[in-house]
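J.: Right, I'll just put the structure down here and ask away after.
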Amino acid sequence: MKTVAIVGSQWGDEGKGKVIDYLATQADVVVRGQGGNNAGHTLVVEGKKYALHLIPSGVLNPNTVNIIGNGIVFDPKGFLEELEMFKTDNISTENIKISDRAHVIFPYHKELDALSEEARGDLKIGTTKKGIGPCYMDKTERSGIRICDLMDKDKFAIKLKAQIDAKNEIVKNIYGKEELFDFETIYNEYLGYAEQIRKYVADTSVIVYDAVRAGKKVLFEGAQGTLLDLDLGTYPFVTSSHPTSGGFAIGAGIGPNMIKDVVGIVKAYTTRVGEGPFVTEQINETGDKIREQGHEFGVTTGRPRRCGWFDAVIVKYAARVNGLTSISFMLLDVLTGFDKIKVCTSYKMGDKIITDFPASLDDLAKCEPVYEELDGWNEDITQIDNFDDLPENAKKYVAKIEELVGVSVDMVSVGPNRAQTIIRRNIFA
């Protein structure tokens, strides 16, 4: 089997898009199987930037089939807006397939997302207000509307009417809102979407399964990151899906034994968006410098990301829960110009040293980083394409990460463009 899963191994925003785009040029099939358009990643090809939220990264390769799997919560309006971006540049989108089992996001999901976040007050969790959580709630409550329902206008009308009646009761009685959702408006809007996406809809599980069985190269594209996983992340400051390797198989509609390699995407430092404890966060000039040099602002929200030093406790945890077989080390060039670079090797909580990532956020908030300090480098590394040509201190930094995490670094990124990538092992080989 030639199947590779790409997993964000921190809090997301690690640079997955670049790695996925790089590997997508070799892949026959690219699959997204969790989350929705709350996640964003940017592809840079020949100086042109494409901000993707729903569409898999293989769309730029006309020979690659791009799957939006059953584990996705699908915003048809957002999807069609992304399509326009490619049509403007005359890029074909005929290679996209949408699972008929994917659940659909509606306006009431987005409104309830915003109302719920507002009602939390000081306990807000930092939602993107894209309706992701409420849509997954309907899914687990077994009242959600799927793509296959949307394709049948009569069945869709019955299900939508029931949902709008229920959501209007919530909006009116819990949140005290007088402006309610109108069935006819939403029904007609989504019938229009249904006709526009109909040609893309398929049983994508069959497509992925057949591709794997045929020995084709299949790339599973993760969104967000391990520490945002609903079960394994920094709960409750997490997403509503499973952006870990275990969730990818379910979201693609195949068995877990069909994913051979799991590549962890890891930044050379650490960032986070939203609320929650962040042990190595630098609320100082160091954090500001990382943010400015790394252009650390969210693709989807534009929010400035919180920045800090590399945290080996986090990445070692990600290696364990994902079964990482390889690491792609991203944004190494951002650390150029730092005299000293710190790496968090463990946590100190009271008089105890902790090497495993704690479940309790109260415990995590009490933790202080235990750092090992390494010498930095000043040389420009953005044009280097051979690992041996990196500055000695940069190579030592990568070696230290491998030592602490216990997984080999097989790819190193030294700039945003596809060409600015150092390959130490061909992951699809």
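Using N, Cα and C of the backbone, Cβ positions are placed for all residues, glycine too.
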J.: Say Swiss-Prot lists ASP13, GLU14, GLY15, LYS16, ASN38, ALA39, GLY40, HIS41, THR128, ARG142, GLN224, THR239 as binding IMP: which of ARG101, ARG198, ARG303 is in the same site, per that record?
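T.: Record check against Swiss-Prot: IMP site with ASP13, GLU14, GLY15, LYS16, ASN38, ALA39, GLY40, HIS41, THR128, ARG142, GLN224, THR239, extra candidate from ARG101, ARG198, ARG303 is ARG303.
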J.: Among the recorded positions HIS41, THR301, ARG305, which ones place their C-alpha within 10 angstroms of the C-alpha of LYS18 (GTP binding site)?
T.: HIS41
J.: Excluding near sequence neighbours, so keeping only residues 6 or more apart in the same chain, what lies with its CB under 8 A of GLN224 (IMP binding site)?
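T.: The answer is GLY8, GLY12, GLY35, ASN38, ALA39, THR239, SER241, PRO243.
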J.: For the C-alpha pair, I'd like the distance in angstrom between ARG303 (IMP binding site) and ASP13 (active site, proton acceptor), rounded off.
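T.: Cα to Cα, ARG303 (IMP binding site) and ASP13 (active site, proton acceptor) are separated by 12 Å.
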J.: Taking only C-alpha atoms and a 10 A limit, tell me which of ASP13, THR128, PRO304, ARG305, VAL414 are near GLY40 (Mg(2+) binding site). These are the recorded positions.
T.: ASP13
J.: Nearest to ARG305 (substrate binding site) by Cα, among ASP13, HIS41, THR128, VAL414 (recorded positions)?
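T.: Going through ASP13, HIS41, THR128, VAL414 one by one, the Cα closest to that of ARG305 (substrate binding site) is ASP13.
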